[in-house]
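Below you'll find the structure, written out as structure tokens, and then a few comments.
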Amino acid sequence: MSKIRVHELAKELNIESKELITILKEEFNIEVKNHMSTIEDEDAELIKELLAGKSPSDLVASADNAENSKSIVDVYEDELAEQLNKGIKKKKKTKKEEQEEARIAAEAEAEGKVIEIGGSITVKELAEKLQQPSNDVIRTLIFAGVMAAINAEIDFETAEKVCAEYGVLVERKEEIQELEVLKIEEDDEENLQKRPPIVTVMGHVDHGKTSLLDCIRKAKVTDTEAGGITQHIGAYTIKLNGEEITFLDTPGHEAFTAMRARGAQITDVVILVVAADDGIMPQTKEAINHCKAAGVPIVVAINKIDKPGANVDRVKQELAEQGLLAEDWGGDTICEEVSAKQNLNIDKLLEMVLLTAEMLELKANKDRRAVGTVIEAKLDKGRGAVASLLVQNGTLRVGDSILVGSTYGRIRAMFDDTGKKIKSAGPSIPVEVLGLSEVPEAGDRFNQVKDEKTARNMAESRKDKLKAETLLANHRVSLEDLYNQIKEGKVKELAIIVKADVQGSVEAIKQSLEKLSTDDVKVRVIHGGVGAITETDITLATASNAIVIGFNVRPDNNAAAQADRDGVDIKSYRIIYDAIDDVKSAMIGMLEPDYKEVILGTAEVRETYKISNVGTIAGCYVLKGKLQRNAETRVIRDGIVIFESALSSLKRFKDDAKEVNAGYECGLTIEKFNDIKEGDIVECFMMEAIKRKEL
């Protein structure tokens, strides 16, 4: 038997759906939830016959009379019934419905309408696979009893039900055995060949790291860097006496500890730059600790020996205090006195690096699949995802398929550190490659695989695992944060999204900002990425109440428009210190304010009603000021405060009221309090916040 929706019948009767719902309930005892509910055609015809001859105004009046006849007690009882009805479970599927689902699945398979998903999928991704609008998929989920937003995760079984509604069959994606695919046999000693050392230059800010690299590379970089410090990690290869050395250029300021530490992990030798006129400084000690932790040998370059205040012996004494005893003092730490500005003893320094590397016996097998690390990555408008890779073993060639973290690609083009196109790169050689599907993370490992299909499947598998781990981690963090807030008092949190032009800057800024956290305000970077600020970033910021910081990047037009609509704050910077100052200002705004109490109004209880499952309703007369729903309330009896809580409901006749002013009557209930009596005074108040002006 066919059915008709309430809104369609209301249209035929020329009345509002709301009025028809009331008439159905009061006059025909037909319960419907909303305008999308359906009723049998037979009932609809009967209703039309019975209401024939009545004008729309009569029908509306009839509905109003039915509604207005309710007492305040009826209103509360109706609301309770509605809440109970919401808890009624949906009936199980009939055999006929199950057979229909099986038929749809068979048809889908015959027509080739099959999609493949993993253990879970977001609503947005499912809509894209189904080639359906997201709103339609959300509506289908709601009808299936699942409330899910566009970015919400749904399990395989729920996705399967949704797809059945669209006549599409779902298959579970096979798990890829990653260890089997990436398994590489141990290299035979006879296949190993000498490889160039990978060197990182470290030291305190302004001690001459970039100047030393300039001198080595014969290229000026210092003058063009924003803020006077190196901002991005690069890699360069130089030749000395027929032998190659690869340099990683890591930032020298202590704010970029994360990038410098990552550089040490793939480094064979570290050149520690110490200014002869300045000695050991905090960042110098930090660099020494990183090298010791990574087990990387150090060659010390005592720089600026041409300056009048240079004191080499004092530097060596301070190095000895840090556990680095110079060779000429009886130790095993190589110290070379240099001047980057005067190009003095630079070749000697490089010879010491090669000597240290020779003692390490650095070897690799170039005749195998390439493996290595991402040094830097960025999104280029014209070229797409661009990654700087350091090959650590094997040989990487144009046309190879590679798996990089949770992204993949087939190398379309490869460039050396001078920008020259090359076809292959062996161990310890840095290259810039094009052809990746997305921008990888700096520090990700890359592996060459047999074909692009394998790389794509493994990347998608890693993404699924990462997504599941992130959801679980977020849940754990939420519980931990709740515990910590209870333990430490009310801790405020400033959520930040960081976007930058290169991945190294993202990590550096993240570390700098999180260092600003205090006992009162925690700074948390909830997301960091490379490239322009997008709509996805703004959506995340809206959901997380976060601000967006862009470092050398800008929002695209759509993102800027969405940020204006949603009131999301976007800040753009070129110098990291400006970002730190602005975040400090934002933190002051997050501090717990001081409070003072403001009395809103008082009312006298003149009558009480008791309703089972609801509690005691107080009929009141407002004496002065106003009563405000959800405001703090205290009950006063004979001049003594007997209870404090919030107003759980406030009504004026049958209608919910936000507030009721002096001289009017109202009905109210108080949260967790039923012992209210006639003659009691209800006092409504609020705590007004007074902002603090400093951390």
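Glycine is no exception: its Cβ is also placed from the backbone N, Cα and C atoms.
Remember, it's a predicted structure, so these values are computed and weren't measured experimentally.
Of the listed segments 91-98, 203-210, Swiss-Prot assigns region 'G1' to 203-210.
Mean model confidence for the region 'G1' (203-210) is a pLDDT of 82.
The Cβ neighbour count for ILE305 (GTP binding site), using a 10 Å radius and every protein chain shown, is 19. When Cβ atoms from all protein chains are considered, those within 10 Å of LYS209 (GTP binding site) total 28, not counting its own.
A simple way to gauge crowding: the CB of GLY203 (GTP binding site) has 27 other CB atoms within 10 angstroms, across all the protein chains here. Counting every protein chain shown, the Cβ of ASP206 (GTP binding site) has 17 other Cβ atoms within 10 Å. Counting residue by residue with DSSP, the region 'G1' (203-210) contains 2 helix, 1 strand, 5 coil.
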